[in-house]
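Single-structure report; data block below.
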Amino acid sequence: MYSLSPDLSFLSPMDVNHLSDENTAIEINNLCLNYGKTSALSNIEMRIPKGQVTAFIGPSGCGKSTLLRCINRMNDLVDNCKIKGSIKLFGDDIYHPDTDIPSLRRRVGMVFQRPNPFPKSIYENVVYGLRLQGIKEARVLDEAVEEALKAAALWDEVKHRLHENAFGLSGGQQQRLVIARAIAIEPEVLLLDEPTSALDPISTLTIEELIYELKSKYTVVIVTHNMQQAARVSDYTAFINQGKLVEYGNANTIFTSPIHKQTEDYITGRYG
């Protein structure tokens, strides 16, 4: 079972907005996003620490998934979407005109709400991104498959059926396969958009344990509507409401002694 008291020794609890560049994975400055005339995000300012799990929480429609999708520019695919401000990934401005979007998305992997394996074998799902990069050597691909599936805690369950269709896996196994597919290309950041909302409690626990393990190698940002889950898996938590960042800090502090009444009301179920 994973520990609920992660090592946060390099930060004091409320220093999250004063991180050094060295400890910062993602720096968001004055980020505003509009869909047409509708404001979805307003003046978001935050630094996300590397090698930690950061959770975005908030009521439905608050902007948390929109913010998550800004980190790998998925919102570029939305018509009439306008973005102002900046996001830096390890110092690189991802909204700079010269940014290569495919390269960015190799650096920032993403897993969505419902498992979405490709209609291919388990093996081909994992190597899909590697093949796109031009990697063809069988030995390299085989090693990458084993490493990614082990990292996703799936190897022992599928090692004898790698060439079977991925649709034959359970929902929880499919989601772990999707995570393996994302990490096979070795991203720096892994974005998880409500990754357990379509899963049963046992599969949810398995994914939560996996998230805790993944932070040893990746910076993880998760959107979840489940506050108990955010409290269990995150080192830092951001409460977002009506497109604004209300409060952001150490997860234990957010869930036990939040500064803002709005945060307290949401966490205690008085609204939202």
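Each residue, glycine too, has its Cβ placed from N, Cα and C.
Noted in Swiss-Prot for the protein shown:
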BINDING   Gly58, Pro59, Ser60, Gly61, Cys62, Gly63, Lys64, Ser65  ATP binding site
DOMAIN    26-267  domain 'ABC transporter'
Cβ neighbours of Lys64 (ATP binding site) where a neighbour is any other Cβ within 10 Å: 27
Cβ atoms near Ser65 (ATP binding site) (within 10 Å, other residues, all chains): 23
Densest Cβ neighbourhood among Gly58, Pro59, Gly61 (binding-site residues), 10 Å radius: Gly58
Proximal but sequence-remote residues of the same chain as Ser60 (ATP binding site) (Cβ under 8 Å, at least 6 apart): His225
